[in-house]
Amino acid sequence: MKKKKIAIVATGGTIAGSGAAGKTTNYEAGTISVDEVLASIPDIRDRVEIVLDNLFSVDSNEIDDQRWLILTEHINKLADQQDIDGIVVTHGTDTMEETSYFLNLTVNTLKPVVLTGAMRPATATSADGPFNLFQAIMLASHSEAWGRGVMCLFSSTIFSGRDIQKISNYKIDAFDQRAFANLGYMKDDEVYFSSQPLKRHTTYSVFSRKPINDLAHVAIADYYVGASPDILDFLAQNNEGIVIVGTGSGNYSKEWRQRIEELSDQGIIFVRASRVTNSIIFQDDYFDPKHVCLGANNLSPYKARILLMLSLTITKDKKVINDYFLNY
Ligand code: SIN
């Protein structure tokens with residue numbers, strides 16, 4: 001049988017990190033080639049044909065809007081090649097949950113796109129990168145992986161790029177998802193899917209169908225006990241949208257409500273999210289009877305920001321953007 005052809009797009013991160021032999025801390029991310037990580041996976045080139053693209057070599061805290069747009073374009077070009085069966089993106093874990101949601105909304109293919117990384121640098125004892133990369137490649141080459149949106153593979157768990165969230169900065173089982181089920185599991189090279197994403201993604205996403213040159217500027221404002229609303233005025237100077245990280249169900253003080261209403265009248269688009277990991281927030285007749293704010297649904301503030309950045313490239317109509325928050 002013909003071997004599947006998998007493209008690996010390397011962007012950096014701990015999976016390509018190196019430091020003192022054996023140690024898991026005090027290393028530099030994105031310093032070695034993913035080729036070296038591949039070399040430690042037995043038989044991988046017998047199982048699949050691999051093309052390796054070293055796109056960036058950065059710590060994922062250096063990923064920005066422009067790198068996101070370059071990455072989307074790069075993945076789309078690879079996916080357009082008929083002989084490529086799937087794409088793996090190696091990425092730092094710190095911002096993987098943001099990049100995976102951005103790609104989930106913007107890449108225009110049903111071919112499997114899988115992000116993976118590592119918590120331990122390549123030079124650590126029991127580095128987790130090679131096994132994560134092995135499983136990500138096996139997932140990307142699996143026929144059932146088509147059409148499931150951008151996925152992340154970490155510690156034998158298959159996550160939706162929409163829902164994944166980093167929950168540990170010291171364990172190798174470092175990810176989870178908000179309240180809803182993950183997509184499945186892997187045992188070595190075997191793939192077990194248990195659910196299908198229902199939110200719109202990739203080819204079904206309106207954001208994958210139009211060329212995007214620049215993203216809208218959107219900031220995040222944290223509400224906490226005694227927080228001054230002056231931060232909102234400051235952020236409104238350079239942003240078209242602001243995501244509020246409220247308490248509980250996306251709540252904040254009367255003073256914040258008033259300032260948000262004033263800034264909304266001046267054209268700033270607000271989304272209410274929550275500091276609570278498992279929260280669902282819709283437009284709310286009780287807390288916000290004038291529907292000044294949109295609700296983040298069950299997205300984290302960081303993911304809500306991405307959806308608003310993309311939405312504002314299409315429209316400022318709150319009804320349309322609200323529809324995006326319900327469906328993406
Ligand atoms: C990074 O996000 O690039 C550094 C941390 C990691 O990959 O675990």
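Cβ atoms here come from the backbone N, Cα and C positions, even for glycine.
If you look up TrEMBL, you'll see 5-197 marked as domain 'L-asparaginase N-terminal'.
Within the same chain, residues at least six positions away from Thr14 (active site) with a Cβ under 8 Å of its Cβ are Tyr27, Ala29, Gly92, Thr93, Gly117, Ala118, Met119, Arg120, Pro121, Gly129. What TrEMBL records for Thr14 (among others) is active site.
The active site, O-isoaspartyl threonine intermediate annotation in TrEMBL covers Thr14.
Sequence annotations record features per position, and here TrEMBL assigns substrate binding site to Ser60, Thr93, Asp94. Sequence-distant neighbours of Asp94 (substrate binding site) (same chain, 6+ residues apart, CB-CB distance under 8 A): Gly13, Asp59, Ser60, Asn61, Lys166.
What TrEMBL records for Thr93 (among others) is active site. Around the Cβ of Thr93 (substrate binding site), a 10 Å sphere holds 24 further Cβ atoms from the protein chains shown.
As annotated by TrEMBL, domain 'Asparaginase/glutaminase C-terminal' applies to 217-325. Looking just at the domain 'Asparaginase/glutaminase C-terminal' (217-325), the mean pLDDT is 97.
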**Prompt:** For the substrate site given as Ser60, Thr93, Asp94, which other residues of the same chain have their Cβ within 8 Å of the site's Cβ centre?
**Reply:** Gly13, Thr14, Ala29, Asp59, Asn61, His91, Gly92, Thr95, Met96, Gly117, Lys166
**Request:** List the helix, strand and coil residue totals of the domain 'Asparaginase/glutaminase C-terminal' (217-325) as derived from DSSP.
**Result:** 38 helix, 24 strand, 47 coil
**Item:** Neighbour count (Cβ, 10 Å) for Ser60 (substrate binding site)
**Value:** 22
